[in-house]
Amino acid sequence: MKNTDKKIAVFSNYKPQSKEVCQLLIKKLRQNRFILTDKNPDIVISVGGDGMLLSVFHKYEKQLDKVRFVGVHTGHLGFYTDYRDFEIDKLIDNLKLDTGAQVSYPILNVRIFLEDGSVKTKLALNEATIKRSDRTMVADVMINHVAFERFRGDGISVSTPTGSTAYNKSLGGAVLHPTIEALQIAEVASLNNRVYRTLGSSIIVPKKDKIEIFPTRNDQHTISVDNRTYTFKHIAKVEFQIDNHKIHFVASPSHTSFWNRVKDAFIGEVDDEI
């Protein structure tokens, strides 16, 4: 595909540095004869941080089979970004050499079944979390049609492999490599005593298994899907499963390996004497 055939959409957050980088990037893309359009793009470039990339993911979540993403970070290293703000020229050069290769990560499908029979479907790149709005949540958890436990606590989070480094990690969950197509269940402040017991640790669930959560109260619950929050009453159950689609990133020599992202985000440089 020639530069003049590639349709590219560019988005940034509202921070001055991101807007400045975005304007420079758009200028250089035009100089190199790329087509700039938000409608049915081949490549979507996010300028900002992981939060911005989550936003553009949801903007194009119905076109995942046709779109590849690129992240440009204007702060600290992000998990979904391959370029820093001072690497715009490198990004342009790699886009000119782009062959259509991609790096793909699994995403989460969330189905919310309401008592009136309606079903709401959401997609998550990082995680989805269900909580009762103002009281302790009580819910039955079923894994692959096995009644697993009755949960009592603040909520339950289900994350993707790439999302395992986000909210899931702060809940004490494990970090999963994205080539492991599995979901992870993490408890949010569970109640554990002589009367009420849960497993008390995160659970890795394989791709083929379905996670079902049945709230025992029909009052108001909140369901957070990445950086979006929804409120529902009268939830019959919520299903979590790996979606049939994946998110695709532009593969390039600059694509940072997952373990390098983890190291840079949480550990930093390792002492050579170790």
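Every residue, even glycine, has its Cβ placed from backbone N, Cα and C.
Under DSSP, Asp50 (active site, proton acceptor) is assigned to a helix (H, G or I) in the three-state scheme. Taking Cβ-Cβ distances under 8 Å and a sequence separation of 6 or more, the neighbours of Asp50 (active site, proton acceptor) in its chain are Gly71, Gly78, Phe79, Tyr80, Thr81, Ala166. Summarising the annotation, Swiss-Prot assigns active site, proton acceptor to Asp50 and lists sequence analysis as the type of evidence.
Look at Tyr167 (NAD(+) binding site): DSSP puts it in a helix. The NAD(+) binding site annotation in Swiss-Prot covers Asp50, Gly51, Asn126, Glu127, Arg152, Asp154, Thr165, Ala166, Tyr167, Asn168, Lys169, Ser170, Ala189.
Looking at the residues that bind NAD(+) per the record, Asp50, Gly51, Asn126, Glu127, Arg152, Asp154, Thr165, Ala166, Tyr167, Asn168, Lys169, Ser170, Ala189, the two CA atoms farthest apart are separated by 31 Å. Taking all protein chains in view, 20 other C-beta atoms sit within 10 angstroms of the C-beta of Arg152 (NAD(+) binding site).
Secondary structure at Arg152 (NAD(+) binding site), as computed by DSSP, is strand.
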